[in-house]
Each structure stands twice: as C-alpha cells, then as structure tokens.
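Noted in TrEMBL for the protein shown:
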- 76: active site, charge relay system (ACT_SITE)
- 153: active site, charge relay system (ACT_SITE)
- 481: active site, charge relay system (ACT_SITE)
- 142-152: compositional bias 'Basic and acidic residues' (COMPBIAS)
- 1-42: domain 'Inhibitor I9' (DOMAIN)
- 67-518: domain 'Peptidase S8/S53' (DOMAIN)
- 137-159: region 'Disordered' (REGION)
C-alpha cells in the first residue's frame, strides 16, 4: 500500500504487478485501475507590466487590500521558508478560521520556525516517488525529506503566486526592484510532490493525488500546479490531475495548471480538462541588452546575463568542433583558452546551454550564440553568453573570416524596460488544438513566463548544474511553470473580491477580459514563428487582472454541466462516477444525445464544421448595474458565416441569466485548416470577448462547396 485516499473519494495507490492489476480491475465495485505516471515540472517586472503597480500614486488597491482570506496551495518541489518572500506582510491578520491545514515537521524543517501567518501549511508526499525510484537520496547535496525545497522551482512558483513584497530583489544586479507575488497578502500552503532526480524535478501521480486529497480537506482556495505529462493524453478518469481538479471544482476551488513547454509545434498542450485553467507563457517588456563591440569598432546589441566586461580573442566554432556545431561529441580536443567562441544554433540544432557547456569543456571563456529572432531570450548558461540573431551573427562571422586577429569586447548586460513590444507568446509554450477533446479550447489564457525573477533556494545553483557553486536568493526562470502561478495569484485576488464566484465564473472573467494586442497596439506575435498569434497559441489572450475583477458578464458551469460533457465523450456511468466526489445532489445520468459543443465554455470551438451548426451559450450579469443592455458584434472566421441571436441582451434584477445562440454556416471547400473569429458583447463599458474557432471540413465526403443562407431565419 502506498496511499489510502481518505477525504475526497474511495481509492488507494498500491504496488501491483500486471496480473494483480487486471484481477483487481475485474472485481465488482472497482471502477478503474490505472498506472501512476511520471509528471514533469514546467520550468518583478511582471506585475507592473500587467498594471498592478507599487507606485503609491498609481497603486491599484487590489494587491494591498485583498487576499488575506485566501489560501493558495502550491503543488511543486517545496519551499525555502527563510526567503523574504515568505515573511508576514505588515498588519497581516490571523489565519482564516476556515483553514484546517498544518505544517509537517521534517528534515531541516521546523514548523514553529518555518511557518507563520504567511506560510500556513506545508506537507510532503514521497511514497509514490520512492516506489518508482527507490529510497530518496539525502546524502551530500541531496534532497530534504521534508517540505524544504532542494531545487528552487517550488520556491519560485510560490513566490510568484503569493510572495510577500521584498525590496531590492535582483539577479546579480539585473532586474533590480521590489519582488512580490500576484496576491502578496494571501496565505500559502505548500504541498511538496516533486523531488530532485537527475538534475530535475520528478513527480508521480500517486503523490499528486494524495496532495489533492489533503489540500481540499485543508481548505485551500486556489491550487497552482506547474506540472504535467506530454501527449498522448489519457482519458480524464485515468489521470490524477484531472480527477483531483474535478474534485476541486466541485467544492469551489480553482485549479490552475501550466500548458507545457513543448511548443511551437501544434497539439502538444497538456492539462486540457474544461474544469481547470491551462496557462500559456508570454514575454514582458523587460530585456537585458548586452553590447558587443568587434575589433573593427562595429557593434551589435545582443541579450544576455553578462556581469563583467570581457575583452579577448574571438573565434569561429569550426576551430574547436569538427562540423562547427558547438556540441561536446564534436569537440576536437583543442583548447579555446581565453577566447570567446561564435556558435550557431542552426549548425547541429544545439541549444545555448549545450553550446556554452561544450565551449566550457574546451576551456573557453564565453560564447556569442546565434539564435533565430523568434527564440531569442537571455539565459544563464553558466559560461557568459550573449544571444544575437542570425543576421547579426553572420556579420560577426564575416568579420572573423576577414580579420587576421579578430577580437571582441562584451560589455556588462543592463536592464531595459518598455523598449520592446510585448507580450509575445514564448516559443516553447505548448500549443493547441486540444488533442483529447478538440472542441474545448486549450490553452485558456497567457501570462508572463519568460525570465521571471522570483525567490530561489540558496541550496540550489541558478542553473542546477552540479559544478555551478553559485548561490542566489533570487533567480530568473522561464517556462509555463512561471506563467501558471501568475494566473494563480490573479485568481486569488478575484476570489477575494468575489468570494461567492464559482471556479468557472473566475475562469470566464479571466478569458473574456483578456487582450490580444501588444504594447505597440499591434497583434501579439507567436514566438517560434513570425506570424500573429491565434487562439491555439495564447488561448483567449493575455490575462488582464484589473479588467478580470469587473468582467460585466460571465459564463458559469457546475458539476452537472461537466457530467453532461463527460456523457458527450461516451463515458460509462461507472467512469463518470469515478470522477466525482460523492454528492447526492449531482445527477450523473446521460441522455445519449449530449454534445460537448454546448458546454458553457468561455470560447466556442468547432473542430468539424461540415454543415450549418447552432451552438448555445448562457451569460450571467455580474456587473454593478443590474438593468444592463449588451450589444453583440461578430467577426466571422474566414469562410464561415456566423450569426448570433439575439443580438441584444436585456438584463434585469429578475433576468440575471440570458441564453444566446450562434449559427455557423461553412461557405468554402476546406479540410485540415482552422480559422479564427470572435463574438464581443459590449454595454459601453465592459467588453466581453469570446473566441470563435472553426475547422471547416466540407471535402471529406466530396460534398458541394456551395452553401445557402436561404434556410436561416433570424428573428
């Protein structure tokens, strides 16, 4: 026996061989048996970038006035409790009476010292990990058998979601400023489910499900989980994160997941359940320009984390690597002592970290790394490195080839804010469409996830490399792991302002108020490409915390709506019941004609439009004005005629919810292509935007390319 799940549902985790598992699955009363899979982690300026400023003259009271009553649960690698991010905010009131959690004692973790009115809970889950990998390695620089964070990832995400305000945070002087979480007055409860293994964090589904079981009993308000598993995606009833997040939705707890770091190829998005929030990663308007001056006084501006000026010889990688690719297996064992090496990502398809470590093996002093403009971002590769685009690198290469003694001077990096258009979707951020349920849009939303500065475990080096002996209290990190806690912090604020809102209402408020334009008022770019984003890159858009608090209208859903959705997937009654917490008030019956198109989701996705199709949605007025009038405007996807009825919604005290219908008619012959539009409801103050994503499929059976509008009647 590994775990007996006590609070949420009847179940257990145990070590079984295949014969035992098959036998157990055949017993009457056993709904499902599935293997515990391994899950991966998805690894200051951001809040100002989103409009939540600490400037006393501009300060929006959201961060200062709300969050005391909210407990944010973090499922990750633990926490470094001594960080300034986890000190009590001034004037923080007592822990909410609804909190039932605790801090568990463990290796170098004493609850009386570690926990306070800020960090109100800390648990750890190890049984699943040890059954998978054997006893935890606690020797030397190994792990802590406690909630203490060995890696830094969990400290970073907790600090981002709900860290207290900490002055003078920086990474070796870069990004200097006041660091804080999205909800700096909210409480934190840490559930350590991921452990240090092979220079990374490993998590098992058995441990994650045990954490869900405890967290919901403890009384968390929000759960932030920056972890997941790459496709192929398993059915919801066979995935611990989907089961746990369904239970959370039933009891009013919003669960926020990261989308994954498998971009920019399509259909690799993870965590696609409609009852949770899935977050893509974007950039912000902070860069780290690094000036490169060649021996002929020609200069270029790259990006990096260079701390000290360097002036030395500049050489092409072909001198030290057989085919010019900066990879260790191509090293010719010549030394690059005292030299900066020019490396190209296009030769050998190497990353900047691989190139830097290969040059380090050759005893080089630094690299200039040529990267495509769509993937360019400063990284700490241990060896000083500067990223430039391919055009700049080509000019540098020409200089090397034409000079008898090429030299270069690299100046220290500096912090620049507001000089580059932002956001763009990060190239690594996993994209849609949803490979499990294609009529549900995923990701849902985008938030900052590139070079986010937050708290770190000083036990862990900033690169996690075993020979990196540096220790930092703050670190830059990138990934949807970083964008996920940004949204978790915003959810905490919205929940604090609107404590009676359901998780679906909160998600709707984030999605319908999101924006799709960057700081230059142009379309947000999709990293990894040179094209504008679409809904599969960024979901409904980039999150806007100020507008999310006052969305005007919301789409709501409850447990019965999700049951109908599961019915549309043709799940059996036993499989559906395996997803739910025992609740006599939830009808689990299926009628046989359910469609996932009618789930009241804040986006409309039709993955197979071959003929005229009508979809319904229901909006609820949550604005301050009860007698509100909203008008619809529609931008139809290319090759589709979309009609909304009614075009006018009249809300009143007696009419808080109104249903509208969208009819979509294909106008073109097409197959294998998605097109994008939107429906916007406006009352003169609020702008409620719903993405419209359609895949016209009119050639699969050789049907006619013509469509008629004659049969459509609009009242």
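Each Cβ is built from the backbone N, Cα and C atoms, and glycine gets one as well.
Automated prediction, rather than curation, is the source of TrEMBL annotations.
Cβ atoms under 8 Å from those of the domain 'Inhibitor I9' (1-42) belong to residues 76-77, 127-128, 131-132, 153, 194, 200-210, 212-214, 216-217, 226-230, 234, 237-241, 243-244, 247, 258-261, 479-481, 484, 574-575, 577-578, 580-582 of the same chain, restricted to positions at least 6 beyond its ends. Note on the domain 'Peptidase S8/S53' (67-518): mean pLDDT across this stretch is 95. Cα-Cα distance from residue 76 (active site, charge relay system) to residue 153 (active site, charge relay system): 7 Å (rounded to the nearest whole number). Across the fold, the C-alpha of residue 481 (active site, charge relay system) and the C-alpha of residue 153 (active site, charge relay system) stand 8 Å from each other. Within 10 Å of the C-beta of residue 76 (active site, charge relay system) we count 31 further C-beta atoms, all protein chains included.
Of all Cβ atoms in the protein chains displayed, 31 besides its own lie within 10 Å of the Cβ of residue 481 (active site, charge relay system).
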